[in-house]
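When I checked TrEMBL for this same protein, it listed these features:
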type	residues	note
COMPBIAS	47-72	compositional bias 'Basic and acidic residues'
COMPBIAS	107-121	compositional bias 'Polar residues'
COMPBIAS	126-139	compositional bias 'Acidic residues'
COMPBIAS	151-165	compositional bias 'Acidic residues'
COMPBIAS	166-175	compositional bias 'Basic and acidic residues'
COMPBIAS	543-566	compositional bias 'Basic and acidic residues'
REGION	47-175	region 'Disordered'
REGION	543-577	region 'Disordered'
REPEAT	179-211	repeat 'WD'
REPEAT	280-322	repeat 'WD'
REPEAT	341-361	repeat 'WD'
REPEAT	375-409	repeat 'WD'
Amino acid sequence: FFSPLVADAEMLGTPDPDLAATMGFSGFGKKARTFDLEAMFEQTRRTAVERSRKVLEAREREKEDETEKEFRIPYTASSVSASSAKGPGTTLTEREAVCSESEDNSNEALSGPSMQSQSSAKGPAEDTDDDDDDDEEEFIGPPLPPGFKDSDEDNDNDDTEEEDDNPVKKIPDSHEITLQHGTKTVSALGLDPSGARLITGGYDYDVKFWDFAGMDASLQAFRSLQPCECHQIKSLQYSSTGDVILVVSGNSQAKVLDRDGFPVMECIKGDQYIVDMTNTKGHTAMLNSGCWHPKIKEEFLTCSNDGTVRTWDVNNEKKHKSVFKPRSVQGKRVIPTTCTYSRDGKLIAAGCQDGSIQIWDRNMTVHTKFHCRQAHASGTDTSCLTFSYDGTVLASRGGDDTLKIWDIRQFKKPLNSADGLPSFFPMTDCCFSPDDKILVTGTSVKKGGGSGKLFFFYRETFQKLYEIEVTDASVVRCLWHPKLNQIMVGTGNGLAKVYYDPVKSQRGAKLCVVKTKRKERQAETLTQDYIITPHALPMFREPRQRSTRKQLEKDRLDPMKSHKPEPPVAGAGRGGRVGTHGVTLSSYIVKNIALDKTDDSNPREAILRHAKEAEENPYWVAPAYAK
């Protein structure tokens with residue numbers, strides 16, 4: 001900014017000492033001073049006026065030969081000086097008038113635009129580099145013809161013009177990397193807003209985290225987890241700030257994880273026995289899709305097979321915020337298969353199984369604001385809805401093998417439509433390019449039926465611009481990140497591919513492909529035999545004897561060890577325990593013996609009662625004394 005001012009000051013002579021002091025030219029080692037912007041701009045204006053006057057005088061003095069005259073006459077419109085050519089009278093007189101005016105007014109106060117108009121009177125070749133080259137050289141001689149430019153500049157401009165004319169040049173597909181998620185379908189992809197981390201989820205219930213800056217060329221995920229146990233992952237998305245992740249799976253409860261995969265909240269499950277879904281606190285059936293609010297970082301949206309679309313707040317997991325209930329033409333419940341917010345977050349759109357697309361105002365839950373009843377074939381799953389970046393157009397990917405774009409203000413028929421795009425998955429994606437001119441979607445193939453492809457359509461005409469053969473399996477998810485300018489693709493055989501261009505793309509995959517693989521450390525061989533005492537190893541070490549008091553305190557806290565034995569049951573059994581007189585044979589005999597009521601009050605009679613039997617059949621005493 002200051003270098004042209006210094007040059008200007010030199011051209012005009014010794015600068016004003018006050019100005020030099022103000023501008024800080026005098027003594028660079030001194031303390032910095034505040035700049036007087038008005039003085040700076042005034043000085044710049046004077047310099048520009050003086051220079052343009054000098055240039056005009058130099059050109060007037062210049063005499064040109066015949067060839068130059070002939071060369072300049074056809075291009076009087078781009079001529080700079082007032083007397084540079086003797087072309088058609090009207091044009092020349094106008095130019096002379098302009099030049100004379102500029103000379104007359106050179107000492108008057110001029111505003112910015114008037115200076116621009118003076119400089120715009122120069123030739124087209126001078127226009128481009130006027131500001132940069134004024135200090136170094138002044139334009140002398142005839143202006144260059146309009147088509148002529150410096151060779152380097154010419155090449156650059158040709159490239160940019162060619163890219164503008166040909167949108168295919170903007171597709172970053174010259175290089176690719178493949179991330180191995182698993183063996184089953186990659187059904188969810190998510191990139192954080194900065195583009196530093198990618199998350200993939202699949203039919204194998206896994207969610208994997210990939211860090212582009214931390215990965216090397218071996219392309220390994222740094223974390224893998226199963227947040228929803230044995231439920232397929234339907235959708236993954238980072239919030240607008242990138243600090244939390246929404247996980248939508250095959251169960252009825254959406255989860256929110258932090259950046260490292262730790263749970264932040266889980267939505268509540270609704271009561272499946274209540275008929276009116278408005279009165280339940282959460283979803284009661286399998287989820288289909290979900291997404292974050294683009295502006296409010298705590299709010300997200302889910303839709304489910306219970307026939308509702310619900311909004312939630314991360315800070316309140318006990319109940320949804322609001323409920324939207326899509327209805328068929330007959331007013332019956334219909335299942336939403338996909339949902340999304342508009343780019344400003346004011347509208348909520350849902351694609352339903354009856355082929356309709358229904359759009360509500362976020363604050364009005366009862367009636368739809370826009371709806372199209374026959375957007376796609378009835379009975380098919382509309383797998384994706386997405387708004388363009390400018391917010392005027394809605395793209396829908398249907399289960400009826402079509403891709404359509406709609407102007408929601410005229411929602412009766414699509415602006416454009418493409419068919420013959422097979423889709424076998426309820427989450428096949430479509431997305432807009434960062435410049436909003438291209439629409440991208442993937443196609444599905446049966447096993448052994450060829451390659452899944454990524455198709456690129458021109459938004460205005462829906463002409464097919466380009467296609468990429470991704471792999472010999474279906475292309476399910478696709479995502480074109482606006483900051484990285486890289487395309488992520490999830491496939492049916494467990495791969496996540498990243499397409500990029502080293503020139504057009506930023507960071508992302510470019511960071512990890514340049515890093516060499518880390519060498520695995522070889523196990524170091526023992527150079528000498530170490531003598532290891534077996535009892536020094538932890539597995540053989542005997543437990544240290546703890547004090548009895550501590551052990552007793554621990555035992556007292558143990559409910560099993562400190563349990564008081566039950567006392568024996570007296571009388572009849574109670575509390576599930578059998579009493580003293582049980583139902584076994586032995587207990588019955590004991591009971592009967594105890595009940596023997598024989599009166600043994602006279603012991604002599606009781607003994608003599610057995611005397612006769614003892615005489616007749618001696619058994620105990622008599623045989624011993626017989627011999």
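Heads up, the Cβ atoms here are built off N, Cα and C, so glycines get one too.
Thinking about packing and proximity, how do these listed features fit into the structure?
For the compositional bias 'Basic and acidic residues' (166-175), DSSP puts the residue distribution at 4 helix, 1 strand, 5 coil.
Sequence-distant contacts of the compositional bias 'Basic and acidic residues' (543-566) (same chain, at least 6 residues past either end, Cβ-Cβ under 8 Å): 577.
In the predicted structure, the repeat 'WD' (179-211) carries a mean pLDDT of 90.
For the repeat 'WD' (280-322), the DSSP-based tally of helix, strand and coil residues reads 0 helix, 19 strand, 24 coil.
For the repeat 'WD' (341-361), the DSSP counts in helix, strand and coil order read 0 helix, 12 strand, 9 coil.
Long-range contacts of the repeat 'WD' (375-409) within the same chain: residues 337-344, 347, 349-357, 359, 415-423, 425-432, 434, 436, 439, 441, 457, 459, 462, 482, each at least 6 residues beyond the stretch ends and with a Cβ under 8 Å from a Cβ of the stretch.
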In the same chain, which residue numbers or ranges, 6 or more beyond the ends of the compositional bias 'Basic and acidic residues' (166-175), come under 8 angstroms Cβ to Cβ?
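Beyond its ends, the compositional bias 'Basic and acidic residues' (166-175) has Cβ neighbours at 433, 435, 437-438, 456, 458, 465-466, 468, 485-487, 499-502, 504-505, 509, 513.
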Is it the case that the repeat 'WD' (280-322) and the repeat 'WD' (179-211) have 3 or more CB pairs under 8 Å, with pairs at least 6 apart in sequence?
no
Cβ under 8 Å, sequence separation of at least 6 from the ends of the repeat 'WD' (179-211): give me the contacting residues as numbers and ranges.
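Contacts with the repeat 'WD' (179-211): 219, 221-238, 240-242, 245, 247-249, 259-261, 425, 427, 474, 476-479, 481, 483-484, 486, 488, 490-498, 506-508.
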